[in-house]
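Reviewing the structure listed below.
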Amino acid sequence: METSQQPPAGGDTSNATPGLVGVSCLLAIVIIVYGVRMYTRIRPVFKLGAPDYLVSAALLCELGVLFNLFTAISLGFGRPEYYLVPGTMVQIRKHLYALGFLGFWASSLARMSIGFMLLRFEASKTWRVVLKILIFTQLCLPISLDVIALIQCRPIRAMWEYVPDAVCWSLPRTQSYTYIYSAIGMLSDIVFAAIPIYFVWSLHRPVLERILISTLMALGLLAATAEACIIYHAYLWNPRESTIRDWMPLFWWYRVEEIGLIFAACTPFLKPLVERVLGRFGTSRFRFVTMELDSIQSSQVTKQEVVVMTGS
């Protein structure tokens, strides 16, 4: 990729600012929601499990991704290449190359966390098999994508600097893997959102509670929406011809997907907090209540207590 020899019409501006603000706000929200989740899993009884450790690993990977991305932006990623020296371009591409390895794991670990959480439902054997296949697929995806990133160019340093006679994969081949990865991710997100909604509505719970839980679990569809945007931008993206500035939207949509998945993995644990907030507005709490029923079986026992679920 060659640096343009003519100054751009827009001058020395960056297209990173809108995404930087948006993703930073999303990250702040996710960290708060993650903190609520971990607090409810530790207090009053320590009950951390595989889903908690997986989502924690996903968040750590995402922080590593954002460190590399923000560093690349501070070096000039998002500015026209006309204003960047070749040495700086090499450093930017190194950071963008490195963040890909962690990004693959951030999204897959978050999906695996959701999958393990769903395995706790009393599901049929068929549903459990589907979930286990999706979880195994999410384990294999980042491994295969990391291998692809390592063998995509020979020598490997051609990924971040110009190397004479370097051999790299063709654009259609590179894009095809992006499409496959995004399609599998989108399918997984839809299944992970649909399964809990199906089970929640089959339970004898108050309607408002089922709506609340369904809404929280369906937030995983935000990641599916981001996947659709990734496919669209991957179709338009040509890393051999586009300037590095044109890569920015694709990188931001990947971050929205990853952060959205971590958010979806943590939102079900917001249910008690949301209940309390709704209670302040006069909405009844979801609780057990005791009702007294007349007994006709014995003259000695005239009443018995039966615990029933109610939303009133």
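Glycine is treated like the rest: Cβ placed from N, Cα and C.
All TrEMBL annotations are machine predictions without curation.
Taken verbatim from TrEMBL:
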type	residues	note
DOMAIN	36-276	domain 'Rhodopsin'
TRANSMEM	20-40	transmembrane segment
TRANSMEM	52-77	transmembrane segment
TRANSMEM	97-119	transmembrane segment
TRANSMEM	131-151	transmembrane segment
TRANSMEM	179-199	transmembrane segment
TRANSMEM	211-235	transmembrane segment
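Fewer than three CB pairs closer than 8 A are found between the transmembrane segment (179-199) and the transmembrane segment (20-40), and contact between the two stretches is not assigned (pairs 6 or more residues apart). Using a Cβ-Cβ cut-off under 8 Å and counting only residues 6 or more beyond its ends in the same chain, the transmembrane segment (97-119) has close neighbours at 49-52, 54-55, 57-59, 61-62, 64-65, 68-69, 72, 128, 131-132, 134-135, 138-139, 141-142, 145-146, 149, 159-160, 185, 188-189, 192, 195-196, 220, 223, 254-255, 257-258, 261-262, 264-265, 268.
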